[in-house]
Every structure is written in structure tokens, then in C-alpha cells.
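Here is what TrEMBL records for this protein:
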- His705: active site (ACT_SITE)
- Asp748: active site (ACT_SITE)
- Glu757: active site (ACT_SITE)
- 244-319: domain 'Cellulase Ig-like' (DOMAIN)
- 333-770: domain 'Glycoside hydrolase family 9' (DOMAIN)
Amino acid sequence: MSENKTRTIQGVITMKKARAKIVMSALLASVLLVQGCGTGYKGRMVGKDAEKKAATLDDNAPVITEENNPLALGKKLVDINFDDGGIGGFGKFLYDGMFEYANKDGWLDCKITNVGYVDYANQAFFEGFSLVEGCEYTYSFDIKCDIERLVEYRLQINSGDYHAYQGEYIKVGPEVTNFSVDFVMKDPSDPAPRLVFNMGLQKDMDRKNKPDEHHVYIDNICLKVKDPSNAKAPAIEALPSYLNVAINQAGYRLGDEKTVFVKTEKGKEDFFVVNAETGKIAWQGKLSETADDPASKSKVARGDFSGVNQPGTYYIYTEAGASYTFRIGDDVYADLYKDVVLMLYRQRCGVATTKEIAGEDFAHEACHTGEAKIFGTDRKKDVSGGWHDAGDYGRYVVSGAKTVADLFAAYEDYSVKADNYGLPESGNGTPDLLDEARFELEWMLKMQDEESGGVYHKVTGMKFPEMNIGPEKETEQMVIAPISTAATGDFAAVMARASIIYKDIDAAFASKAYEAAVKAWKYIADNNDTEGFKNPDGMVTGEYPDTNTLDERFWAAAELLLASDGGNADTYKAFIKKTISDTNLKLGLGWTDMAMYAVYDLAKSSSEFAADAKKLLLAEADKLIAAAASDRYYQSLGNNYYWGSNMGIASNGELLYMAAKVADEKAAPNYKKAASKNLDYLLGANAMGYSFVTGYGIFSPKNVHHRPSIATGKAMPGMLVGGADNALEDDYAKKMCKNEAPSMCYVDSDASYSTNEVTVYWNSPLIYILAAEGS
């Protein structure tokens with residue numbers, strides 16, 4: 001055998017060994033995947049009749065117990081004394097008065113030093129109970145005061161006009177008054193009313209000769225059910241029962257990776273995918289091992305059924321339970337995507353929306369068309385237009401800017417050029433996403449101060465309107481809040497980007513946007529605002545405070561650099577260079593941390609900052625993937641489910657898709673795969689099994705904190721609700737979720753604004769990830 005031939009044979013052997021190693025590596029990766037997600041195969045049960053039916057909403061019915069039934073005869077809904085030395089969970093509201101709490105000899109001692117000028121100037125309040133329409137109650141308490149005076153007690157609505165369900169003024173003095181009254185709740189049921197004692201300036205007092213310091217003492221407060229026989233539903237104050245088997249309720253496309261999540265102590269048991277139309281088992285799989293999911297405080301196994309790729313309607317069952325039905329087909333997101341976009345149209349302000357587009361229930365007349373007053377002045381300004389931000393009718397620049405940025409990114413990244421969503425502008429040759437974005441941009445241009453270039457933070461009433469009115473019914477004077485650095489920076493960034501995007505669509509508008517952006521930059525370039533916007537005196541609408549505006553200015557500089565033809569380029573470059581590595585730069589896609597929009601656009605550019613920006617983006621994406629690896633539902637929030645957590649999850653999905661756009665061919669699929677799991681979560685593959693988008697899925701929010709929905713009695717379709725918030729930041733959430741795990745702190749009630757409100761800027765990252773999914 002020749003030496004050359006020997007070398008050839010050895011080379012073949014070496015190549016075979018190398019190939020074997022590659023095959024073994026692939027097999028190992030496959031095994032690891034199987035261990036994480038379970039396996040799918042055509043097992044012995046395929047073709048046989050299913051042994052369980054699909055889940056329905058009946059399976060979500062709360063379990064009735066004595067504790068959660070507010071209509072149990074004689075039940076004490078409020079039962080407070082102060083024998084423990086505390087203040088019994090009472091809160092304090094001050095308008096223009098002053099008082100302090102103490103506990104004195106087992107009484108709640110309200111030390112009043114100023115009665116103010118209105119009867120509710122000093123208000124002691126308690127929350128955390130419910131009142132049911134038609135039910136008769138007995139309300140009682142003991143009260144005394146070291147002077148003779150009137151005190152008003154009330155059981156009242158805790159929003160809107162704050163009217164009393166029951167209340168009256170009573171005379172109190174040094175002798176104890178044992179007060180008791182029976183009353184019937186005549187208003188619609190209220191899951192979160194407020195019990196109050198108003199101790200401000202009453203009608204028996206002289207405004208010019210107000211009483212000196214005095215004390216009101218309260219004890220033995222009791223509200224109990226006297227006669228529930230005429231009460232109307234709801235009769236149960238409890239969270240729903242949640243399924244053990246969670247899937248994406250909107251469905252899956254044929255080629256999608258498909259994962260079922262099962263709460264189970266066992267794991268490794270069989271799961272079955274059933275054709276809902278025939279009742280036959282179409283697929284049999286094996287779940288993974290079960291593992292702890294700290295965020296939901298449960299054990300969760302996973303099952304992979306990606307092999308089910310025939311169009312149809314299905315459900316899944318295991319020993320632990322069954323899922324809702326879902327569809328498999330390449331069009332599963334088509335209607336969803338359209339409604340999520342049309343939510344923005346339905347939120348339009350200043351114009352009438354039509355029944356043909358908005359739907360019979362959500363069309364409205366032109367609203368908020370009058371000139372708004374600039375706070376602290378007699379000047380008025382036309383700022384009509386834009387989107388109603390959320391569940392209220394305010395319009396806010398910072399949230400609008402994020403929304404527009406997401407629409408721009410979807411348009412640019414996925415060539416979303418559809419011009420047939422049914423908007424008034426549809427068919428004009430401009431993509432509907434850009435028509436909708438421009439509606440907001442035209443309003444934002446009105447929010448810029450012509451002289452300084454600064455941008456006013458928001459336009460709202462001085463207080464929120466009542467909860468059950470449509471937008472045209474809010475007729476209070478609109479007030480323009482002061483200029484803020486955050487609003488001006490966001491404005492400069494989106495206007496600069498608009499000048500690029502609309503350049504070949506409407507050159508005149510693009511030029512106008514660019515000039516406005518430059519003017520705004522001059523206002524903020526050297527303004528390092530560390531205090532953030534604060535509501536001016538008397539204004540109690542949404543604040544959107546932000547004490548770190550470095551990210552807004554960085555975003556503005558980046559977009560202006562990319563939009564400029566050399567003008568001021570050195571200024572923008574210098575700002576970017578000194579900021580891009582600043583540890584105080586907040587890298588996110590939320591209204592308080594806008595820098596990632598700048599990073600992404602720089603990473604896609606040919607600028608000198610592209611490489612550094614790409615590294616920053618991929619590093620953030622890798623952090624998300626690493627964090628998601630320890631969560632059984634593939635999420636990266638850990639145990640920190642905050643106000644608007646669903647926006648965070650949608651924006652994380654957006655960031656992962658952005659990473660896929662700039663990553664190499666090998667890494668990009670991993671980012672896309674991780675991003676898809678975020679969409680699955682939002683549509684039902686989560687610990688509660690909720691599809692968090694109204695109108696989509698069997699188990700989705702019905703009672704959102706959204707005035708048009710409350711006014712019509714129906715949830716506007718296509719809205720992403722806020723989701724779990726384990727900080728429990730409203731009274732109803734505190735009452736209902738006090739014992740829930742972090743990812744389970746959500747309640748479908750219009751009383752829970754911290755978990756069940758909606759906003760345009762929560763919908764916009766969902767628009768982006770649906771566009772990325774090819775909707």
C-alpha cells in the first residue's frame with residue numbers, strides 16, 4: 001500500500017469521524033430539545049376517539065366558597081375595630097385640608113388641623129369590598145368628636161363623579177354616637193367602592209372662622225349583608241379557575257414550532273392532539289419532565305406538537321386536563337392583525353369615526369375639537385387630533401412617540417405596504433400603517449411651541465372623566481400641560497425618522513417634520529433633565545414621569561444624524577459618541593427607556609456607530625434569551641411582573657426580532673424562535689391561559705378599564721391589556737390578587753386599571769411582532 005493511498009484512507013477515516021461528531025452533536029442538541037419540550041410521535045392512540053372534550057368557559061367558573069361569596073346572609077364585608085393599635089387599613093385623601101391619623105385607646109383618631117374649604121377636604125377612606133345591585137345591607141359605626149360638628153359618611157363610587165350609593169351628614173360631639181342604617185344598593189354592582197368619612201368644611205362651619213384643631217374618633221365599622229334575596233349577579237368575588245393546559249388560543253401557522261404548557265406534578269405523561277371536528281386523536285406526544293416555574297409557583301411540563309401541520313381546529317388533553325380549541329392554518333393571525341391596527345383608528349380624537357370602520361359600538365362623533373388652554377396662562381391653542389392614549393381620553397406625546405416608532409419599524413422591516421385596512425385613507429397609495437402614524441404626527445406637530453421648539457407634554461382635562469361616557473361626552477376644558485424634555489426628545493426622534501420615511505411619499509410633509517425635529521433638538525441638546533415631568537397643581541391625569549432623559553436625547557441625536565444631509569452632523573455624532581457607552585443610557589423599547597430605537601436604527605445604518613450599536617442590540621437580546629431559559633413559559637421577566645408587563649413582553653419580542661434582523665444567518669433563527677414564544681404567551685400560552693387581546697381566543701378579557709368599552713358594555717376588539725402586575729397597584733387588584741403568584745396577578749375587571757387597562761403603545765409592539773410573523 002502506497003504512502004499516498006494510506007494518507008487518503010486515513011483522511012477518509014478522519015472525515016468520517018468528524019462527520020460522526022457532527023451527527024452526534026446534532027443528536028445531542030435534539031435530545032436536549034426533547035428534554036426541554038417533550039416529544040411528538042404518531043402513537044398507538046392516533047385515530048382513536050378522544051377520551052376528553054375541549055375546555056370551555058364553563059371550566060373557568062370560580063369555585064364558590066363562603067369567603068368569596070359577597071351575598072352570604074349576615075356576611076360581614078367590612079368589620080373593623082382598632083383594638084390592635086393600628087389604623088385598620090384606612091387611607092387618607094386631602095384636597096385643601098390637613099389631618100393626621102393615630103390610634104388612641106382603640107379608636108381611630110383623626111387629628112384635624114385645617115378643615116379646608118370643601119366638605120371632602122379631609123377624607124378618611126377604606127376600600128377592598130364590593131356592593132351588589134339589589135342587595136340590602138346594614139352599615140354601622142361609632143363616632144365622637146371633641147367639638148360639636150357635622151361629619152359626612154358615604155359609601156360611594158370610586159371614580160367618575162364619585163356619587164354616593166348611601167350617605168348623609170350626621171351631627172357628632174363628645175358623646176359617642178352609635179350609628180346604624182339599612183340600605184339597598186340601587187346602582188349597578190360595584191366591585192370596588194369606597195367607604196369614606198368626610199371631615200372638611202361642612203355647612204355648619206364659617207369659612208372665615210373655621211374651627212381650631214380638633215379630633216374625630218371612629219370605631220366598630222361594620223358593613224354586613226342583611227337581605228340578598230333581590231340581589232343581581234355577580235354573586236361571587238373570586239378569580240376564575242384556570243386551566244392546567246395552555247396553548248396559543250389564536251392558533252399556529254403550519255410550519256410554526258408549537259408548544260403546549262401543562263401544569264402537572266408528574267411530567268413525562270402522554271398528551272393528545274385532537275381534531276375538534278372529528279373527535280379523533282391526530283397526534284400523540286410525550287411531555288417533558290416537570291419543573292418549577294417560580295413566577296407562577298407551579299410545576300410545568302412542556303410538549304412539542306410541531307408535527308401537527310394540517311389545517312384544522314384542534315385541542316389538546318392530558319391527564320392534567322384539556323385546552324381550549326385552537327386553529328392551525330397560515331391565516332390564523334390575519335383578522336387579529338387587522339383589529340390590532342384598527343384599535344388605533346378607533347382611538348382617534350378630534351374627528352368622527354365611522355360605523356363601517358370602527359364598528360357599530362365604537363364609532364363616535366368628533367370629540368375634543370375646541371381649543372385647549374395652556375396651563376398657567378390665558379392662551380389657547382388648537383391641538384385637536386391624535387389618539388386617545390388609553391382607557392381615558394388624554395393625549396400624551398411620549399406614549400404616542402413610542403407607538404409611531406413601532407409602526408415605522410414594522411413598515412421598514414417587513415415592507416408592510418397594505419393599503420386596504422378600511423381606513424378613511426385606504427386606497428390613497430400610501431401604506432395604511434403610515435396613514436395611521438401620520439394622523440398622530442400631525443397632532444404632535446401642533447404640540448410644539450412655535451417660539452422655543454419645546455414640546456408640550458400632554459393635553460387632558462384637569463381630572464379624568466367619568467368611566468361610562470364616550471369621548472364626545474367629555475366636554476370639560478382641555479388643558480395643555482407644560483413642555484417636558486422627554487416629550488421634546490421623543491418628538492425630535494420620530495419627526496426625524498418621519499422625514500426619512502415620508503420623503504418619497506410626501507416631500508413637503510417630510511421637510512416639515514425634519515425642520516420641527518431640528519427645532520426640538522435645539523431645545524433639548526443641553527437640557528439634562530433629572531426631575532422629569534410632574535403634573536402641575538390641580539391636574540390629576542396620567543403623568544408619564546421620566547427622571548432620566550438621556551435616552552430620549554440619544555434617540556433624537558441618532559435619528560437626526562441619519563436624517564441629515566450633513567447639517568449639524570458633527571454635533572449629533574459628538575453626542576452619540578459620548579452617550580452610546582454611558583451606563584446610564586436605558587436600553588429599552590418603553591416610554592421611559594427609548595434608546596433601543598436609536599441603537600437599532602444605527603445598527604442597520606452605514607454610520608460609524610453601526611458596529612457598536614449592533615453589539616449593544618445583540619447583547620440585550622442575549623440577556624433576554626438567557627433569562628427566558630429559566631422560565632417554563634419562556635419569558636424573561638423573572639418574578640418582576642410590573643404595570644404593563646404585557647407591553648414589556650411584546651416589546652421584548654420586538655427587540656428579539658430586531659436582533660434577528662442584524663444577526664448572522666446562524667444566530668437569527670434563535671432570536672426569531674424566542675420572539676415567537678412571546679407572541680404565544682400574549683395569546684394564551686401563559687400561567688393563567690388568558691389570551692390578553694380582547695376579542696381573540698375563548699378566554700380573553702371582557703371587562704377592560706377603557707371608557708368606550710365601559711360605555712357600550714362590550715370590549716373593543718384588538719386591544720392588548722396590561723397583564724400581570726405583582727406590585728398590586730390598584731385597590732381591586734390588592735383585594736383579588738393578594739395571595740397570587742407574580743405572573744398570576746391579573747384580574748379581568750374595569751376596576752383594575754393597573755392590570756386591565758389598554759393603551760395605544762401596548763398595541764404597537766404587538767403590531768410589530770405580528771408583522772414579523774407575516775400577518
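The backbone N, Cα and C atoms fix where each Cβ goes, glycine too.
Rounded to a whole number, the C-alpha distance linking His705 (active site) with Glu757 (active site) is 4 angstrom. Under the three-state DSSP scheme, Asp748 (active site) falls in the coil class.
For the active-site residues His705, Asp748, Glu757, the largest tally of other C-beta atoms within 10 A is found at His705. Counting in whole angstrom, Glu757 (active site) lies 10 from Asp748 (active site) by their C-alpha atoms.
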